[in-house]
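J.: Taken from TrEMBL, the feature transmembrane segment applies to B:63-81, B:128-151, B:163-182, B:188-207, B:242-260, B:296-317. Here TrEMBL flags B:124-314 as domain 'ABC transmembrane type-1'.
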C-alpha cells in the first residue's frame, strides 16, 4: 500500500541485528538480537505515520536507524529517493539536517550543563551555514516562542523546567534546522496526562506550520490514533499490520492488533462492559530466538500448523483482495479476519465537548 | 474551544513530571527555588555558558576564595621563598639541635639543628611541585585514556582495562623501591614520573566509568542526530558531565602524592638530602617526636593545610560546574 | 472499617524550603473494597501510601498531623517494633518496578520463602513448598522448576506476579499497589490487573490502587479518590465519576485523554502546570489552571462538599461542573 502523497521516506527490508558476543579480548559471536528484522514502509510528505508496539518490538531501533544513529545490518532508507544508509561524512551531515528526532525522556535528552539557549542553538554551531552567527540568538528566541516557552528563558538550565517544558525545549532543538521529517520516539509517554495533551497539540500545530512529516513511535494506541494518518503495528522486529488509522483501529485483521486494541484500558466503565477482551497468554518471545514461520504464533489463538512453517507476507490478505472496503489493507496473517474490538464511534457519549 | 497550549510565563514548576513518579524524596529535593534566585532569572541579557556561570559562582564562594588564597600563597612562597625566610635551609648548627623557638627561628630547630621555619618555607616548593605536577600528569593521562576507552569502546577499551588491572597489582612502595633505586638524578622529575606511571590507571578507570554513564544519556544521541563530531560530543557534552568524579579523586590524590613523596624520601629512593621537602622533614623529625615535636608538627601542618586547600578547591569547582546546585 | 486515614499532613524539608506534599487527606477502605487513588506526579498519592505503610523516609519527610487507623489502631502511635509486625502480616505493598524491588542475588523461591521463615517461623523446606504454591497461585508456569531462578531471569510481567505473590504471602488484610502495571506492556498489563482483581476477591482484602492512568482505574476500582496538590479534590464511586465528574480537574483529565474510538481535531488540554509544592496557590490550589475559576476560588479554600451520600467534590461550583457535563 502506498502513501497518498509523494513519499519522502521509503524504507525497504530494514534489518538491524546486534551480535551477541562472548570472550573479553577475542570475541566470538554466539548469536544475535534481532531487534529489527525486515521492516518496510513509506512516509508521505506532510503525513504522520504512527508505529505502535510493545517494549522490545524494535520500534525505538527503527527510530535510531531513521536518524542514522545506528547503521542497519541490511535494507535501505530512501530520503527523497537517496539511500541514506550508505552515506558518511559531509553527505550524512547534510541529510541529518532534514531528519531530526524528538526523544522520550525529557530528563536525559537535554544536557544538564548547557543553558537552554545553548541547547536550542547548538544545531547552528554544528551547521553554521544555516544561520549567520549574529542571527542565531534571535532565531533561538523565536523557536522558544514557537514551542510556547518564554523567549527570555534562554539563560536557564534544564533542571529549572518541568517535564512538559523540557519536552518543548527538545522539540525546539529538533526544529532549529527546519527539518522535513521528525522522528518522535515516545515523545509524551514520560509526561503527566494533563501535560501530554498540551504537547500532542503542539506537535499537531507545528506539523501544519512547518510542513513536517512525522514518524510517531509510541506504545499508547490512543495517542497514536489521535495524531496519525496511517499506523503500523510492530511485533518482534516486524510490522504485522499497516494501514490508515480507521483501517487499523476499526477494522483490524491481524490477531495481534486485535489483542493489542482490546487490552487498552478505556477510561469509561460502561464502555468496558460492551467490550470484548482478548487476553493473550504468555510473554513476547526473546528477540534472540524468534519463532519460525509467523512470529506471533506462540501467543496466537488461531495458530495452526501452517503458521509454524510459512512466514506470512505483509500484504493485503487473500480473503480481502477483491474487496475494496477498509478491511483490505496490509496484514501479515495467514488467517486474517476482521474483528471489531473497539466500539464504533458514537455508541456511547463521553467524548470531549 | 480547546485551550491554547501556552504555559503561563514565569510559572516554572519544580515538581518533576516524569511519568509515574510521584513526589518522592529525591524529587522533593529538586524542587525549584523561588524564581529570582541566582543564575537563571532576569531578561535575556548576555548569553551565558556553563563556564561563565561557574566562574561567577566561584567568585562568590567563600570556600573557593579561602582555598584559592591559600594556594596562591603557597605558589608565591614556592617561587620566592627568600621573601619571607632569611638564611639557607641547608645551614644547620648541631649545637642548636631540638631547640625551641628563638630569634629568626619562630618554629625552632630540628634534630640536625636546622631552622624549621626556613625549611618549611623552602620545602613548599618541592612538595607543591611534586603534588601538583603529579596530579596534573595523572589527571590528564588518566582522563584522556579513560575517556577515549569509554567513548569508543571496543578493542582499545579491553586492552586498556587489562593494562589498568596490571598496574593496580603493582604495590606502590615496592614499585618505587625497585624503579627509583636505579635512578641517579637528584631532581624531582623521576619521582613525578613514577607517580604518573602508577597513578593514571586509578583516574582512567573513574573517567572511563563516568564517560560510559554520560554517553548513555539521550542528549548525546541528540547531538549525534544533529551531526555533531566526536570531538564536539566529547568536549561539549560528555566531559562537563563526567568531570566531577575525576576532580574529586584527583584533589584527594594530590594529598596522597605529597605524602607518597615523603614516604619514598624516607625510604631513601625519593628526593635525597640536599633537597628540601616536607616529606624529608617529616620523616627525619619522626624519631624525635618526644623531644622535639615542633620539628614534626610544622611541616606536617603545612602539608595538611595544603592538601585541605586543594580538596576544598576541587569541591568548589565541582559544585560550580553543577547548575542544579546553583 | 479496615483502614481510615484522617486529615493526614506530610511535608518534606529540603534545602530550598518546605514542600507540602500531603495537606489533609482523608480516605477509608473496607475489606473487599478497591479504592483507586488517582493523581499526577507530585499530587501526594504515593506519599500518602508510604505514610500508611510506614515506609516514608523520615527525614526529610515528616508527618505533621492526622491519624491512620488500621483495624481500629492508630498506626502513628505504635512503636516501630509493633509497626513492623503490622507490615507484612497486616498490610503489604506492590511496587511499580519489580526489578528493583526484588533482591537480584537471591532466588525468588528464597525471597518468597523468607516471609514464612521470618513471620511464621517455618522450616526452610516448608517455606520452599509454600513458595512454589504461591507461584502457582499467581500462575507462573513451571513454578516448581523456576523457584530456583533469580529475578532477572523472569520477564517483566512474571516479575510483577512474583511481587504480587510476595505481597499476598501472609494473606494481609490490606494491599497497597503503587502503579502496579505502569511499567508493563498493555497486553501484559491486562493479565496482571485481572490476576490482582481476582486474588483480591478471593482473599477479600482491601486494595488501594495508586495510579495516574484513568483507564486502569475504570477497569477494577469500586471508588476513586482524585488527588491534586496533596489534597483529595473529588471522591466518588467509579461509575458516577466517569459519567459526570464533579470537579473541573477530574473533568479536564478525562477530556485530555485521546480516545481509541475517536479521532478528535485538537485535544482538550488543561492549561498551565501542576503547582510548586513549596508555594501552593492560596484558595483552591487548582484555580490558576481552572477554566471555571472566579474570585472566590482565589481566596477561599473549598472544603470537600457533599455531592451525594457517596461522593464529594472540593469545588465551590461543583453543581455547575455536574450540569456542564449534561450537554
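Glycine is treated like the rest: Cβ placed from N, Cα and C.
Map the listed features onto the structure and describe their local environment.
T.: Listed by sequence, the residues of this chain that lie at least six past the ends of the transmembrane segment (B:128-151) yet keep a Cβ under 8 A from its Cβ atoms are 74-75, 78, 157, 160-161, 188, 191-192, 195-196, 199-212, 215, 230, 234, 238-239, 242-243, 246, 250-251, 253-255, 257-258, 261, 277, 306, 310.
Long-range contacts of the transmembrane segment (B:188-207) within the same chain, counting only residues at least 6 positions beyond its ends with a Cβ under 8 Å from a Cβ of the stretch, are 126, 129-130, 133-134, 137-139, 141-143, 145-147, 149-150, 160, 163-164, 167-168, 170, 172, 175-176, 179-180, 242, 245-246, 249-250, 253, 257, 260-261, 264, 270-271, 275.
When Cβ-Cβ distances below 8 Å are used as the criterion, the transmembrane segment (B:296-317) is approached by residues 54, 58, 61, 63-64, 66-68, 70-71, 74, 107, 116-117, 119-120, 123-124, 127-128, 131, 247-248, 250-252, 254-255, 258-259, 262, 278, 281-282, 285-286, 288-289 of the same chain, each at least six residues removed from its ends.
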J.: So what's near the transmembrane segment (B:242-260) in sequence-distant terms, Cβ-Cβ under 8 Å and 6+ beyond its ends?
T.: 127, 130-132, 134-135, 138-139, 142-143, 147, 172, 176, 195, 199, 202-203, 206-207, 209-211, 213-214, 278-279, 303, 306-307, 310-311, 313-315, 317-318, 321-322
